[in-house]
Amino acid sequence: MTTDLAQWLAAQQVAPELASVVASMAAASAEIGAVLRLAPIAGQTGLAGHTNVQGEAQKELDVVSNDIVLRHLQANANVSILVSEELDEAVHMENQGRYMVATDPLDGSSNLDVNVTVGTIFSVLGVDPAKPDLLQKGSAQLAAGYAAYGPATSLVLTFGTGTSVFTLDGSGQFVLTLESVKVPVASGEYAINTARERFWDKATLAYVTENVAGETGAAGKRYNMRWVGSMVADIHRILMRGGIFLYPLDSETTSKGGRLRLLYEANPMALLVEAAGGKSTTGRERILDVQPTGIHQRVPVILGSAEEVSRVEGHYAAN
Ligand code: AHG
Ligand code: MN
Ligand code: MN
Ligand code: MN
């Protein structure tokens, strides 16, 4: 007996309107995955010719993915607000729904030309459509998820307790493949862009130096480094088999507050990882407790296996 997404959503203890928002994001993800699969043939490989609010050159597929999400959410009467990496301002929809979605429509888009896993990340928050609060803490999220477009298309979802994994089948349905994923407490894998070592703060340098020392380091064991460069792919690996992901505040990103974006990268991933038993921090505080000050705000991100995140927190406390 298989369980598809619609059956699973109907069995969750959540408002049907909230479930419908998640279903819309799942449908958007299936459509984005289908576009990505054929993009090299369709010639959708280049730049869009625009720069987004982050100062990044948008790829054509960043824009196409954003448009697909926007269309699916505009068709859902329960959604009144969309915040997207690719849109300078929040979109206030005609529908007066009680939910807001924040999304990274295409994560890892710099990897498109080499055909490695990219993804779509989203966060769902409750809003009063007459007076929407766009700057809620991650702890207020009602749902979060991502789609990973890899050898299989995975959809990973949480409503805050428990994280479940679905796989897209040949008929366009998401089928439940892991009811409750648990991030292993201990791990010997870490993910960080080591080319940025010269910018790292003392805590990050101390943690990675210990890992590189292996058996003679503080953890007393060997580590492997894994870095895809698509947050979705790196976090998916960590959810499935443990590990830690770090994009810390470094001296080059300090003025921006970090590299990754709070509302649609850090918060949804932190909720998914915590709901699966892992931990998340900026180094100084829990990501989900950070008060946003802007919709595109950036934040340091450290999350994954509890033992590893705790060791990093120890270095921050000491530095
Ligand atoms: P996006 O493609 O949505 O702009 O996000 C890119 C992010 C994330 O996927 C990844 O972890 C990080 O950028 C990679 O940063 P580097 O360029 O430092 O490798
Ligand atoms: Mn981008
Ligand atoms: Mn991203
Ligand atoms: Mn993106």
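Using the three backbone atoms N, Cα and C, a Cβ is placed for every residue, glycine included.
Annotations in TrEMBL come from automatic prediction, not curation.
Within E265, E274, E285, the residue that TrEMBL lists together with D104, D107 for binding Mg(2+) 2 is E265. Summary of the site annotation: TrEMBL records Mg(2+) 1 binding at D104, L106. Screening the candidates E60, E85, E86 against this entry identifies E85 as the one listed for that site. Between the candidate binding-site residues, S109, N193, the densest Cβ environment within 10 Å is the one around S109. Proximity to ligand 3 at the level of Cβ atoms, with a cut-off under 6 angstroms, picks out none of the binding-site residues L106, S109, S110, N193. Checked against ligand 1, the binding-site residues D107, G108, N193, E265 give D107, G108, N193 in sequence order as having a Cβ less than 6 Å away from one of its atoms. Checking the binding-site residues E85, D104, L106, D107, G108 against ligand 4, the ones with a C-beta less than 6 Å from an atom of that molecule are E85, D104, L106, D107. Look at E85 (Mg(2+) 1 binding site): DSSP puts it in coil. The distance from the Cα of D104 (Mg(2+) 1 binding site) to the Cα of S110 (substrate binding site) comes to 13 Å.
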